[in-house]
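Listed in TrEMBL:
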{"type": "DOMAIN", "residues": "3-150", "note": "domain 'Histone acetyl transferase HAT1 N-terminal'"}
{"type": "SITE", "residues": "Trp162", "note": "site 'Interaction with histone H4 N-terminus'"}
{"type": "ACT_SITE", "residues": "Glu239", "note": "active site, proton donor/acceptor"}
{"type": "DOMAIN", "residues": "249-300", "note": "domain 'Histone acetyltransferase type B catalytic subunit C-terminal'"}
Amino acid sequence: VRFPEDLEDDNTTFNPEYSHQVFGDDEVAFGYKGLKILLYYIAGNLSTLFRIGYTSKVNEKFDCVEADDVESKIREIIPPGFCTNTDDFVSLLEKEVNFKPFGMLLHTYSVHNEEAGEDITYQIYKADMTCPGFREYHERLQTFLMWFIETASFIDVDDERWNYFLVFEKYNKDGATLFATVGYMTVYNYYVYPDKTRPRVSQMLILPPFQGEGHGAQLLETVHRYYMSSPTVLDITAEDPSENYVKLRDFVLVKLCQDLLCFTPGKLMQGFSQEMVMEAQQKLKINKQHTRRVYEILRLRATDMGDAEQSRSYRLDVKRRLIGPYKKKQRELAKMRRCLRPEELTNQLNQIDLNMQHEQLEESFQQLVSDYRRVLERLAQA
């Protein structure tokens, strides 16, 4: 909500992707007809208005069953101090002009908005719990995780190893410049013996109205650039990354790596090298596993897949990596031959069908190439 009229505007509304963390695996609220759970957030500081509406509700006295206590379920995830009536909320909206982003400005960029016919400016900040008002703001911000990240959990904000990176949109209202929350990322700084840290991306969320505009890539690249300048950072990883996050990371890391000397087309065609691992880690804080993916994507770009020899060489190179887990199974099988009785061995052999392995390997390769091509297409448009 930026303006009072947004309260009645369905275009500013977005629905949760997940609600199982609040309402159970069936995502059901029992005992209501026409139930509406309404959460309004002021665009910048995320002050909240919470209301529930329904046309009818089961009654314990007449229906002998009790409706779910929806209100207490929501209260468990939104911090206290929210509004329950519109007038209080609108009076808070009038004070929004005083809201300013928290922390240190790291990056400013603009995105062209077709609808508005103009470039809109965005800024990325790094904040921590010492910023006045940030702790309360973060409590409101993290409630979105429950609706948009499948395995979300709230973090221990008293642990000083957390860093927070925030994206804001700048917009005008009555001649004043205001800020709207776009998304954020939390990063935990793990200690690595003897004197390094390994920042690990924990949660990343771009709010639905801003998705598909490139903010995730801007945020991830800014975070990488922030840590790249630190001599104590070993490399940057992610905790339990989603499929979408992996695709985003592929794009950002390839964009960062493509200008490194070790990734010139001539060197790519010679195969994956220790030089690539060293340069990517030292200059960009990218670990070996992610560097390998970057190499495969950039080598695909440098390969003429219409040329039988080049295509075969690329296919074999990627499959040699993919075959790792299958080779592990074969080593396990060799152990089994020494230890198992014949009937037990037959049972295990049935589970490790070689033809099936080849099919799975080819399927994995084709899926990978398809994902890599999408990264390269996006890179070409960047």
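Keep in mind that glycine also has a Cβ here, set from the backbone N, Cα and C atoms.
No curator has checked TrEMBL annotations; they are predicted automatically.
Sorting the domain 'Histone acetyl transferase HAT1 N-terminal' (3-150) by DSSP state (H, G, I as helix; E, B as strand; all else coil) yields 48 helix, 37 strand, 63 coil. Ranking the recorded positions Trp162, Glu239 by how many other Cβ atoms lie within 10 angstroms of each Cβ puts Glu239 at the bottom. A straight line from the CA of Trp162 (site 'Interaction with histone H4 N-terminus') to the CA of the residue listed as 'active site, proton donor/acceptor' spans 14 Å. The DSSP breakdown of the domain 'Histone acetyltransferase type B catalytic subunit C-terminal' (249-300), given as helix, strand and coil counts, is 40 helix, 0 strand, 12 coil.
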